[in-house]
């Protein structure tokens, strides 16, 4: 018999210490990694439930194991909420991650060697959009597209590449692009060559759910997402479609199970269901609106302080600071800011002369600080502190003073009250 009062702290103090340390780090550091966010205690409660014990290969009503009548309810709730949230007629909530959701779409719609137009990783794309080190770049013929001199997606070049290479799929979406994508234009280009339009909206799903960023679901044949990032749910993946085609839905379902996964994680699916419900609340829309406001406010300060921003600004939750005109690398900036309890990630910029391990930029995202309660005033103040550290990255006094300011604001605006 298992006793409910078992705890990690008494049984495994070494592991518990690492959990406590990470909890403290999250509370005492300002998180600016664009792909990270703080999920709600309700989501964590679902993930810590007894649903973790249940194996449920298959789909609701069509399982390979018995005893699934109640987890069927859980998964159905998640499916119906996802469809309602994004305006889809089909949803698969089983992918364990965004990358696995993407892998399933490739498997469902393509054959190895088929041609895909995907955004260049160096221009803001994602590993699974055709990077040569990823399965997508190894199994498929990837033709990369990118941004123009203004930092915007070059749709003229995208159309030219589509007409020249006749891809089976055009892939939209990004991991480091601060603009607004014209999904209708991408569908128009895909239709000209008879290609599928597949959109990975992982980074902007929360913004899309709140109506503050264009929804790709009405335009694409298939859309994938993570359920964390701006959506602020558990770590996991999602596949959506507004195309009323049962054959397409069957292909996608089969590509997830049994194609790329076995049993779904029912405790995580429960967490997804909670997150989808939370995303339907009015306060979630206000949160996402503030995410964009904070991102724009930070950009204003960086520009005023003489820093270069890729594309000159932002229309979403993230932006890239470009150091190619400075004697500063992304790796150095990342390290210096870390000493001041400010967490960012080094990031390549378009036409970056430095390696991906060094880079000439950093990526900054506002979802986590906004979740803590930052408004424009705090976002601008924070951007100023970042500039102070970058301008004086070898000055221990400046770093120490900034760290003290960070600790103070983190105490005033905790992650979990």
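From the backbone N, Cα and C atoms, a Cβ is placed for every residue, glycine too.
Feature annotations, courtesy of Swiss-Prot:
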- 121, 125, 126, 127, 355, 356, 357: (6S)-5,6,7,8-tetrahydrofolate binding site (BINDING)
- 228: site 'Plays an important role in substrate specificity' (SITE)
- 229: N6-(pyridoxal phosphate)lysine (MOD_RES)
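Binding-site extent for (6S)-5,6,7,8-tetrahydrofolate: residues 121, 125, 126, 127, 355, 356, 357, maximum pairwise Cα distance 17 Å (rounded to the nearest whole number).
In this structure, the recorded positions under consideration are 121, 127, 228, 355, and the one with the smallest number of other Cβ atoms within 10 Å of its Cβ is 355. The CA atom of residue 228 (site 'Plays an important role in substrate specificity') is located 25 Å away from the CA atom of residue 356 ((6S)-5,6,7,8-tetrahydrofolate binding site).
Summary: among the binding-site residues (125, 356), the fewest other C-beta atoms within 10 A of the C-beta are counted at 356.
Shown in sequence order, 119, 173, 174, 175, 200, 202 are the residues of the chain, 6+ apart in sequence, with a C-beta less than 8 angstroms from the C-beta of residue 126 ((6S)-5,6,7,8-tetrahydrofolate binding site).
Long-range C-beta contacts of residue 357 ((6S)-5,6,7,8-tetrahydrofolate binding site), restricted to its own chain and to partners at least six residues apart, with a cutoff below 8 Å, comprise 331.
When Cβ atoms from all protein chains are considered, those within 10 Å of the residue listed as 'N6-(pyridoxal phosphate)lysine' total 27, not counting its own. The distance from the Cα of residue 121 ((6S)-5,6,7,8-tetrahydrofolate binding site) to the Cα of residue 229 (N6-(pyridoxal phosphate)lysine) comes to 19 Å.
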